[in-house]
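The structure under discussion appears below in the form of structure tokens.
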Amino acid sequence: MSASEEMLGGARGESTTATGPFSFSSEPTLEDIRRLHAEFAAERDWEQFHQPRNLLLALVGEVGELAELFQWKPDEEPGPQAWSPRERAALQEELSDILIYLVALAARCRVDLPQAVLCKMDTNRRRYPVHLSRGSACKYTDLPHGATSENQAMGPADPASESTGQVST
């Protein structure tokens with residue numbers, strides 16, 4: 001069975017609508033993807049076209065192609081898990097294109113994506129404390145109990161303000 005057949009539900013068309021939690025395969029890593037794409041581009045002498053602006057525009061174009069797959073689908077539809085094999089293959093291709101361009105853009109901009117994700121998740125944990133955000137779609141600036149800015153949602157930045165109870169601005 002090829003990797004693409006496995007990702008689409010197997011060579012015999014097994015269902016991909018498992019009800020349990022989903023997890024990604026451990027390989028390839030983001031570094032593997034960066035290297036594979038860099039080799040692919042180098043073999044074709046395409047690095048000259050891979051300036052950040054061009055990579056970003058290609059990424060946005062691929063996001064548009066992904067959006068087209070969802071466009072005009074009814075909201076009550078079960079979702080991509082119930083799509084035809086052809087639609088699922090298109091979904092897989094567009095998501096792959098997006099990841100490839102995202103990794104290439106990050107590499108070109110010298111952003112270590114795994115580390116950036118860890119930092120961003122830490123920021124999000126501070127912005128969206130569980131007790132204020134559980135079940136809410138509110139932006140952190142709109143959370144209840146006076147959390148009206150990132151600094152307030154994350155807590156006081158000035159240690160002196162902790163003793164007075166005032167948040168510095």
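Here, residue 1 is simply the first one shown, and the rest follow in order.
Any Cβ shown, glycine's included, is placed from N, Cα and C.
Taken from Swiss-Prot, the feature Mg(2+) binding site covers Glu62, Glu65, Glu94, Asp97, and the record attributes it to similarity to another entry. Residues annotated as compositional bias 'Polar residues' in Swiss-Prot: 14-26. What Swiss-Prot lists as phosphoserine is Ser84, and the listing cites similarity to another entry. Among the features that Swiss-Prot reports, region 'Disordered' is placed at 1-26, 143-169.
Features as recorded by Swiss-Prot, highlighted on the structure.
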| residue | record | DSSP class |
| --- | --- | --- |
| Glu62 | Mg(2+) binding site | helix |
| Ser84 | phosphoserine | coil |
| Glu94 | Mg(2+) binding site | helix |
Cα-to-Cα gap, Glu94 (Mg(2+) binding site) vs the residue listed as 'phosphoserine', nearest whole Å: 15
Neighbourhood of Asp97 (Mg(2+) binding site), C-beta criterion under 8 angstroms, separation at least six: Glu62, Glu65
Remaining residues near the recorded Mg(2+) site, that is with C-beta within 8 Å of the centroid of the site residues Glu62, Glu65, Glu94, Asp97: Gly61, Val63, Gly64, Leu66, Glu93, Leu95, Ser96, Ile98
Least surrounded among the binding-site residues, given as Glu62, Glu65, Glu94, when other CB atoms within 10 Å are counted: Glu65
